[in-house]
């Protein structure tokens with residue numbers, strides 16, 4: 001409710017005091033409140049629609065809707081446009097709607113925010129004999145106020161002054177506002193071409209809400225429980241394995257749709273292709289780096305080929321048998337360091353590394369299965385947002401530190417090497433004739449003399465190119481990713497550049513380094529052509545003491561797996577992502593255990609849910625848009641794929 005008071009200034013300027021009142025109202029329950037369902041059914045034949053309305057000003061939009069209503073009024077109602085404007089607006093000179101309903105959302109990222117893409121206005125008129133609803137779809141988003149900066153759907157509800165409480169303006173507006181609060185549904189309304197399609201979507205949405213709200217877990221008498229709380233609420237005589245059983249019951253009905261929703265739907269193919277390219281480069285680059293690191297740490301026992309094959313096999317198996325297909329399995333830096341520790345222990349105690357690695361991996365899988373059977377993933381319900389953010393921040397620092405460490409290592413090897421110091425000090429040719437240095441330096445390939453060896457070891461240009469390519473890739477990727485915030489090109493092309501930011505940056509800088517600087521000889525990564533993959537590790541050769549020691553290492557490794565897997569799953573299934581098919585913490589942990597047990601037998605590197613790749617996978621599949629509210633820019637889901645739940649808001653706010 002808004003109240004206003006006029007004051008008259010000395011220069012005849014009108015000054016108004018405006019009082020606004022915000023009230024939180026519940027959404028309509030289409031299953032319990034029969035009136036809501038009947039209202040929509042009654043209005044389907046009488047609701048007036050204005051599709052692709054060209055007006056952009058608030059007054060012009062309301063006038064067009066009132067004229068449409070006045071022209072099609074057949075119930076004998078007589079009202080003038082001035083009377084309707086006086087009831088809808090606070091006053092003629094202040095273009096502010098007196099009574100409206102808007103959707104709101106509260107999140108930990110952006111706090112309290114209005115849904116600014118639609119608005120429902122209501123009023124009561126004494127000359128009306130029955131209720132009217134007019135819906136307008138604007139051709140272009142319009143700025144209708146501080147909390148309505150990009151409105152494209154406007155609902156106008158007019159009711160008689162004397163009316164039953166269940167048919168009042170507020171109750172009628174609440175009915176239609178509940179329908180329009182779903183973001184995915186509003187997007188479909190923006191795409192339809194005819195009035196019949198528009199009304200058909202209204203009817204389908206009403207039936208869907210009625211059936212959805214009628215489910216036992218969604219009734220008002222039941223609390224909205226998380227997946228863990230739902231599992232605990234189910235009584236069972238034997239709790240062992242109950243978590244995995246509940247995960248399967250929750251996820252199996254959606255198994256086929258996980259594949260179907262990646263093919264069918266508007267823009268689905270485009271998003272899947274762009275996400276595939278994004279994940280390919282996001283996964284293959286660290287795998288090559290960790291493969292080279294493992295190859296160096298294990299004397300070639302685990303190399304780049306095994307890393308890539310392990311990632312491919314583990315990812316495919318998890319995609320088929322896992323419960324949450326949005327999770328990405330990878331070999332991470334902590335696993336590479338753990339592999340180095342196992343190799344060092346094997347060398348110190350004269351043990352076969354392949355056998356020791358396989359034994360540790362099998363013990364790790366055994367403990368993970370124990371965690372899954374005893375439903376220990378329930379502990380994740382005590383993981384707060386701060387815990388997840390701290391873990392994510394740790395991963396960010398780990399990746400940044402790894403990049404900085406490699407840069408420093410390259411500069412120490414090529415730029416600040418002893419050979420470069422000797423050359424800079426003029427120590428060649430007995431340090432007697434500087435001109436002799438310039439005579440020898442062109443003979444880079446001549447390694448028969450000490451001077452030739454020094455020149456060959458001094459590769460300052462390699463370090464400069466290393467730094468240039470690294471920073472250039474980061475700059476180009478970030479620039480393309482933020483291209484949606486620029487005025488260049490059109491919206492579709494800007495979004496396409498943002499979707500393909502990472503692969504374009506990597507390919508462009510790879511071409512730049514390979515062809516523009518082709519004279520600089522860079523050392524390629526180690527590749528062993530003759531690598532036998534499926535060779536069973538000789539675990540039987542380990543003594544009992546080594547097996548027990550491997551059990552201790554496997555237990556510590558299982559704790560790392562448990563934390564990484566569950567926190568990555570928690571970030572993927574975060575409420576902000578609005579996934580609607582449910583989580584599968586216990587089953588995913590069990591699946592990862594079986595996959596790593598198989599990989600361990602053949603000395604393939606282990607894999608588990610990775611950060612930040614898993615949350616970025618979800619983000620890459622969604623269309624994002626920037627919302628400007630009170631001077632702050634918030635990034636929100638504009639359109640989500642079918643396997644991501646539409647933005648159901650918990651309440652409506654009327655003012």
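Cβ coordinates are placed from backbone N, Cα and C, and glycine is handled just like the others.
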Feature transmembrane segment in TrEMBL, mapped to one of the ranges 258-276, 277-295, 334-352, 391-409: 277-295
Segment-segment contact (the transmembrane segment (307-333); the transmembrane segment (496-517)) at 3 or more Cβ pairs under 8 Å: no
Distal contacts, the transmembrane segment (496-517) - CB-CB under 8 A, six or more residues away: 270-271, 274-275, 277-278, 280-282, 285, 465, 468-469, 472-474, 476-478, 480-484, 489, 620
